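Visitor: My questions all concern the structure below.
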Amino acid sequence: MEPIIELEKINYKYQPDDLRPALKDVSFTIDKGEWIAIIGHNGSGKSTLAKTINGLLLPESGIVKVGNQILDEENIWTIRQMVGMVFQNPDNQFVGSTVEDDVAFGLENQGIPREEMLVRVKDALEKVRMAEFASREPARLSGGQKQRVAIAGVVALRPDIIILDEATSMLDPEGREEVISTIKKIKEESQLTVISITHDIDEAANANRILVMRQGELVREGTPKEIFSAGPELIDLGLDLPFPEKLKSALKERGVDVPSEYMTEERMVDWLWTSVLNK
């Protein structure tokens with residue numbers, strides 16, 4: 001698979017006299033079409049890392065390559081057009097008086113012709129299942145709907161990469177599921193590369209790979225199965241465990257012989273049913 005993002009020994013400090021860097025010797029590669037989750041407790045450097053990928057921050061040292069282009073002041077705007085970001089608070093992202101006006105805002109800034117703009121807005125709203133709300137005021141939407149509109153605004157720009165920077169952290173479980181299912185659908189249809197910056201372990205379970213940050217350093221990377229199987233280590237890093245792992249731990253304490261490998265909620269349900277039927 002062709003790499004779309006490459007980071008090599010990235011270092012960054014917010015202030016020159018900071019004793020601890022926000023990022024320290026971070027290196028990894030993301031392939032085109034992958035879904036990557038970056039997890040870590042507050043202050044681990046995960047959001048700083050996201051901002052170096054799209055050029056909001058330029059690293060003090062190291063190399064960032066996006067789409068085979070090295071991030072520097074000369075091509076920073078080209079790279080930013082390749083990367084769309086959805087932030088934590090949807091209310092801080094709206095500038096239009098209606099949903100369709102808001103989705104069109106970024107297109108207007110890029111000078112997209114009106115005829116093409118109308119097509120892109122309609123297409124983006126259909127992809128996030130919000131077409132029927134096109135003339136609605138954003139303030140009258142639920143949290144999950146607002147984030148879906150924010151995603152539509154990014155999708156309309158047709159980036160190669162979408163970064164979700166704690167995009168579900170302020171939503172209730174229903175809104176969170178709305179956003180995750182929307183991203184899954186768009187990724188499958190458009191072969192987008194998705195980077196999810198999150199502390200929500202259940203959200204991270206949707207990724208192809210997970211990167212674990214601690215105090216500015218990349219300390220682990222692997223598939224959800226590989227990462228979540230190291231339960232005690234995650235707890236030591238200040239992270240939670242996915243629900244299936246918590247359930248397995250509780251069953252084990254009651255003397256139930258449980259599988260050692262990580263299981264999704266769906267696989268856990270199947271295993272429980274099989275265990276009951278085989279008794």
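Just so you know, glycine gets a Cβ as well, placed from its N, Cα and C.
According to Swiss-Prot, the record shows the following:
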type: DOMAIN; residues: 5-240; note: domain 'ABC transporter'
type: BINDING; residues: Gly40, His41, Asn42, Gly43, Ser44, Gly45, Lys46, Ser47; note: ATP binding site
Visitor: Relative to the mean position of the Cβ atoms of Gly40, His41, Asn42, Gly43, Ser44, Gly45, Lys46, Ser47, the recorded ATP site, which additional same-chain residues have Cβ within 8 Å?
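Guide: Same chain, not in Gly40, His41, Asn42, Gly43, Ser44, Gly45, Lys46, Ser47, Cβ within 8 Å: Thr48, His199, Met213, Arg214.
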Visitor: Quick check on the binding-site residues Asn42, Ser44, Ser47: which one has the highest count of other Cβ atoms within 10 Å of its Cβ?
Guide: Ser44
Visitor: Using other CB atoms within 10 angstroms as the count, which residue among the binding-site residues Gly40, Gly43, Gly45 scores least?
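Guide: Counting other Cβ atoms within 10 Å of each of the binding-site residues Gly40, Gly43, Gly45, the minimum falls on Gly43.
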Visitor: Once the chains shown are all counted, how many other Cβ atoms turn up within 10 Å of the Cβ of His41 (ATP binding site)?
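Guide: Counting Cβ neighbours of His41 (ATP binding site) within 10 Å gives 14.
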Visitor: Tell me the Cβ contacts of Lys46 (ATP binding site) under 8 Å, same chain only and six or more apart in sequence, or just say none.
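Guide: Lys46 (ATP binding site) has long-range Cβ partners Ile38, Ile39, Gly40, Ile197, Met213.
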Visitor: So, in DSSP terms, is Gly45 (ATP binding site) helix, strand, or coil?
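Guide: Going by the DSSP assignment, Gly45 (ATP binding site) belongs to neither helix nor strand, so it counts as coil.
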